[in-house]
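Annotated features in Swiss-Prot:
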- Thr49, Cys50, Asn51, Arg52, Ser109, Glu114, Thr115, Gln116, Gln120: substrate binding site (BINDING)
- Cys50: active site, nucleophile (ACT_SITE)
- His99: site 'Important for activity' (SITE)
- Gly189, Ala190, Gly191, Lys192, Met193, Gly194: NADP(+) binding site (BINDING)
Amino acid sequence: MHILVVGVNYRTVPVEIREKLTFQETELKRAMTTLQSQKSVLENVIVSTCNRTEIYAVVDQLHTGRYYIKKFLADWFQLEIEEISPYLSIFEQDGAIEHLFRVTCGLDSMVVGETQILGQIRNSFLTAQEVKTTGTIFNELLKQVITLAKRAHSETTIGESAMSVSYAAVELGKKIFGDLTDCHVLILGAGKMGELALQNLYGSGVQKVTVMNRTFTKAETMAEKYMGHAKPLSELQCALLEADILISSTGSSNYVITKEMMKKVERMRSGRPLFMVDIAVPRDIDPEINELEGSFLYDIDDLQDVVEANRAERLKEAEKIQFMIEEEIVLFKNWLNTLGVVPLISALREKALGIQSETMRSLERKIPTLSDREKKVISKHTKSIINQLLKDPILVAKELAAEEKATEKLALFAKIFDLEVQEEVEHTEELEHKRAWTPSVSSL
């Protein structure tokens, strides 16, 4: 068994590529189920956000697993493997485990220390559990990862100075307009990102806010919460005429605002500039709009400079969390190593209980006058003797599984007790590869 991560993220892949490899939330169940049927894939969780699309998988062979995950991505998005391969980041074994911890703790985010990714990882994990694409390995790993991420944010101050992407969008607006009090802001999309932007706008003193969404009732609910106004999406062109700032984050797979639409709007705006921030992936706004004279469009990758604020302070806290991650990885690997010894221990117990059962049958033949109560007492005490005798050997077996050359040592252990463990030894040989895991990528 091997743990593998394959995907794209904001660090190395621009938004125009990432948006081609983004799963819609409604697709995740079907996507994970489809991936689970691929050769070599034993478990999988897919995480797809505005900054990353990553597949976390347990595979039986690294090379085969890598190929079939790439093939799945290419087939799903109707691309060629050769087209996507140059953009894919791949983490294996130790590197994959550390990457998952770092991502969930917010250390790999554009905004170091942000907490939104924790909820996104958790939701993906719950979805994977629902469609039964996780098993023993990921159920334990994700439980540890999510628990540590919560602890990291409660025991450090990394989240106190961290901005969300939505906050960064508002800060960019402040840099351009200064005081936002008199600005008319249009929020396109009533999801989590849109609401976070609205929260930050409300805190900045914005008084004129219009919310638009595909589902009008959602726009109404969010607008009422922040003393704004809701409009149906059919009135988008009219809303663009009134707005000074647009922040867009819908779940649309196509452009919501096209260049042709903005050409018409600009002619009616009488030279008034429109500042637009597109924080959606895939993008909501046609990037060619930047060619128009009165439209100033920024996408999620343009927010990098804004989120650098307080970065030095957050990196100090990130070092503390990195240390916590390294400790947790050791604990997880120790647990992982014990998996190879579980069948061996089961075989030992089974053999011992078989001897106990045969002994009981022999006693019953030799002493036919034993009452049921006497049989139960004898059985109970002989099992107790077995448990006490097995306690130390089982402890030793677990310790051997975590040591170097575990395969040979456990094979000797099996030979001493005359156990049939061919399958278990092969399983342990797989686990031994974990002691030569590739180093991780640890950049902040």
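Including glycine, each Cβ sits where the backbone N, Cα and C put it.
Per-site Cβ counts within 10 Å over the recorded positions His99, Lys192 peak at His99.
DSSP gives Gly189 (NADP(+) binding site) a coil state; it is part of no helix or strand. Residues Thr49, Cys50, Asn51, Arg52, Ser109, Glu114, Thr115, Gln116, Gln120 make up the record's substrate site, and a Cβ search at 8 Å around their centroid adds Gly106, Met110, Val111, Ile117, Val165 from the same chain. In the three-state DSSP reading, His99 (site 'Important for activity') counts as helix. Annotation for Gly189 (NADP(+) binding site): spatial neighbours Met212, Asn213, Ser248, Ser249, Thr250, Gly251, Ala280, Asp284, criterion Cβ-Cβ under 8 Å with sequence separation of six or more. Taking Cα separation as the measure, Met193 (NADP(+) binding site) is nearest to Cys50 of the recorded positions Cys50, Asn51, Ser109, Gln120. Looking only at the binding-site residues Gly191, Gly194, the densest Cβ neighbourhood within 10 Å occurs at Gly194.
Taking CA atoms as the reference points, Gly194 (NADP(+) binding site) and Cys50 (active site, nucleophile) are 13 Å apart.
Spacing of Lys192 (NADP(+) binding site) relative to Gln120 (substrate binding site) is 11 Å (Cα to Cα, whole number).
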